[in-house]
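Enquirer: Pasting the relevant annotations from TrEMBL:
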DOMAIN    53-116  domain 'Methionyl/Leucyl tRNA synthetase'
REGION    116-142  region 'Disordered'
COMPBIAS  121-132  compositional bias 'Pro residues'
COMPBIAS  133-142  compositional bias 'Low complexity'
DOMAIN    667-764  domain 'Methionyl/Leucyl tRNA synthetase'
DOMAIN    799-917  domain 'Methionyl/Valyl/Leucyl/Isoleucyl-tRNA synthetase anticodon-binding'
REGION    934-953  region 'Disordered'
Amino acid sequence: MSTTRRDTLLDIQHRIQARWRAEGAFEVDAPGDFDERRGWSLDEVRAGRKEPYFVTFPYIYTNGPIHLGHAYSLSKAEFAVAYGRLRGRTCLFPFGFHCTGMPIQASANRLARELQEFGPTGPPPPPPPPPTAAAAENGTTPAAAMKKKVEAKTGRQVYQYHMLLSSGVPPEEIPRFADPHQWLRYWPPQGMRDAQSLGLHVDWRRSFITTDANPYYDSFIRWQFERLRGAGRIKFGKRYTIYSPLDRQACADHDRATGEGVAPQEYVLIKMEVLRPYPEPLRALEQQACRVYLAAATLRPETMYGQTNCWVQPDGEYGAYALSADGAEVLVMTARAARNLAYQDVAPEFGREHRLAGPFLGRELLGTALRSPRAPRTPIYVLPMLTVSTGKGTGVVTSVPSDAPDDYRALQDLREKAALRDKYGVRDEWVLPFEPVPIIEVPGYGCLPAMAACEQLKVRSQNDRELLARAKDEVYLRGFYDGRLLVGAYAGQRVQEVKQRIRQEMLEAGEALLYSEPEREVISRSGDECVVALCDQWYIEYGEAEWKRLARRCLDAMETYHAETRRGFEAVLEWLHEWACSRSFGLGSRLPWDPQYVIESLSDSTIYMAYYTVAHLLHRDLAGAEPGIAGPPDRLTGAVWDYVLLGEGDAEALPIPPAVARQLRREFQYWYPLNLRVSGKDLIGNHLTFFIYNHVALFPEDKWPLAVRANGHVMINNEKMSKSTGNFLTLQEAVQRYTADGVRFALADAGDGVDDASFQVKTADEAILKLTTMLSLASEGVRCAPEMRDARQPLQFWDRFFEAEVDRLVEAAAEAYDRMAFRDALKCAFYEMQDALGVWRVAVGADADMRHMHRAVWEQYIRAQVQVLYPICPHTCEWMWREVLHAGQEAPPLRWPEAAAERRERAAILAAGQYLQNLLHRLRLAIQRRAPVPVRRGRDDGDNGAADRAPAEAPHGCSLELHVRTTLTDWQTRCVALVRAAYDPHTRRFADDLPKRIASDAALRRVLKKAMPLAMHLRDTGQLELQLPFDEAAVLQENRAYIRDQLGLQHEVQVCVDDEQGERRGALLGEPAIVLR
């Protein structure tokens, strides 16, 4: 397959990018005369009078190459910046690299172990994977995977060595990656090259890496945390947190291989004492001076008044674990629960569970007699429940059949089904005497809400999982908000008012204890299944009432572009609190006051947008090895940052030159606040909300962020992007295959909004053809321009129409760019623009010969085409602008095009053009109806029923008359009058019964099928008159030849105005009568 077109675009891409680099095209600085003491006031910011446009995208984690998922999110920022430049704004788009956290350290450690085991050549290669449909369409086959070293995209790599090899790291360099700092030296420069290949409008001077490997950034983060601590936002204490036992530290979202966003789930463990004689698995404990409890995890301690039994999973595995060093208390639970509990300051030794008996199966506990706190009777018994999960809670569940639909139905199954009791050896006396106990009155469900809900939903068995889930959700919700206790010390009070008091009483009485576990499975980057641990840690007090109020105020003033994004922020602000900000393992900056801890990766990335404003003045390389004008990093004291970012102190009293301090302050003041933050929607739950919290904590209101634009994930060819299936593209691969502009075109076309989008390989491939065709057309147009119609010849109707259509599409594209709807922008800026060009070329006879075009109209179009498409395809567009449209001369700066026609004039010509196209559609249908009808011959004529045409005049031999009416008919006049009467000028609304008025009017009954659509059109468009914005007869007269040629007629089209035949044939204003002869 020829790659000539692709190679043409790649050559243009390389030339344009080289020119940008040579010109420093996207390097911008604050003006020297900008007043650093004043900055932008809050009124100026809110009124949109802040001239510079500052946009950021989350810096990319540098443990591998940039992929198409990164490119999709960052393309939103890129398109916005490129459009802003066209609009004449001073735009800043910086790009950094994140290295903080566990992933790099964990990967380096894993590689070190592999090298120790297998030697410097690494482990043996993995087998090739089977291809998926999407991978095959991408060109990723097993053979290609092996040949092109893309095994990392197959998910078959067990080893870190193979991942690095398949990412393009030369084999001889891989051993160096056992040092985590090699990742910082290798991947950020590689990421910069890949990002530059996409043609980003980035000021690369401001790029940097994080961690204490960059001493300048390190000083910035230490300043931030000192300020937060000084403001009382950082505290120390024991807190439940997701914890990796292998890494021996908290495991935050970015430290996880799976389970991002998972939080600790707190339960109350009910201590259900085992009565003697003990069952066989616990018999050895009977001789010891200890108490044994089944530990039942519950979220509803207020329902313990209604316990009738205890559930276990008969085939689940359990053990008995010491709760204290002296073994005085023993808890029966699953090993998984015991492992979690061992990290929560209740086990004899932190992180080590002490099993005294087991493992044994749950069926061995059936029939065990228990004394449970607050149960209405003793004993109650252990019974089998098939749906108990040993992967959630403790595997032991206390049963309250009055208020829990699952418990009710499981108990009823045992009561009603003797065979089920026999299967598990359940005696009648363990089950039959126990009835649900009324404990809570729930409006609509009575005092036995679980039973009522099961009866209403016709739940017949504990296996009716979907119905039971519905019943549970409704009963639990209504019970909490509307339920009133019927028993106990709080009888008569609402559940929601006393729930916490009952919980606290049980804890203080020793009847229960607290237990936490992850909401669902969390696997750390080290491959460890995480637990919940009660740890001494530094934490940021997100959720504190006053701080939350400020965060809400910031959110209220922010533009979020989509309602779903705003709702996501509101939900996170509701639940977020106390985020652990320190780790003992991984890369990062050290806590200034407690350097044994490293600041975790979601906490050192909340206000770094401010660092971008001055980074290029602080250091000249990514890692801060080459000092800038401020001198060495040890001069960046807290006082310097106070002055630069907050305006506190005196520039003359700082350890850096006063002029430099003022320049740093000027850069920050000029660019801040941040205009736009672009990110994936998955970061709303952590990073983006932290971003708001930290800005309102550290900066005055005039520096709070102005907008967040969140997007969904990107698929490839409608399938999830996945290394494990091969449906995966790095940015480097994508640009090499489809060119930068082809990739950008497909990224814009992939979709907008917060739903997942799809990068279509076919779209990227076809973009190459589309762009090179546009390039060829521009070159041909320039060549033919001297021979085109010129100013000496008046514009034809379709010239004027095309001018107006180009103006309309420019305006529509601007509206789409403004709301960051880039798929809509592409639709207007390219697809519809090309369609309009095609209509114009055919209408003026230029589809075969471009010399039939009018030069001024052509030049307006091709300039506008280049200008409005530039944000998406800048390489092709800039090449066309400089080397084609302004070849041999100094090209003016690319700017957004100005409208060529007044809006009213444009509306009239556009309406006339739409009128003509609608009329042509009517005429073609009329000619089709007149066309000869095929006559089917019988089979006896030997023609097998083949169709033949009856003798008739061919359609192109017709003559066409169009009869125009310039006034309203009586029924139209009546319809307009009724619409006008239904309009209230005070409310600017039409009466709701307008359709009824039209339908019941005697004068309109016979023409109701025409009158009703007319009335609805007038109502929907707000018109109180029926008139055309153009001269219908004049438009038809001017376009008689066009109509003839479009229909292939031999005779001239006749236009008749207000004649008798038009009256007879029902001509209407805007709908001429058609006569074919």
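Here the Cβ of each residue, glycine as well, is placed from N, Cα and C on the backbone.
These figures come from a predicted structure and were not determined experimentally.
Help me understand the surroundings of these features in the structure.
Expert: The average pLDDT for the domain 'Methionyl/Leucyl tRNA synthetase' (667-764) in the predicted structure is 94.
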Enquirer: Just give the helix, strand and coil counts over the domain 'Methionyl/Valyl/Leucyl/Isoleucyl-tRNA synthetase anticodon-binding' (799-917), going by DSSP.
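Expert: Per-class counts: 87 helix, 1 strand, 31 coil.
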Enquirer: Summarise the domain 'Methionyl/Leucyl tRNA synthetase' (667-764) by DSSP state, stating how many residues are helix, strand and coil.
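Expert: Its residues fall into 45 helix, 20 strand, 33 coil.
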Enquirer: Using DSSP, break the domain 'Methionyl/Leucyl tRNA synthetase' (53-116) down into helix, strand and coil residues and give each count.
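Expert: Final tally across the stretch: 34 helix, 12 strand, 18 coil.
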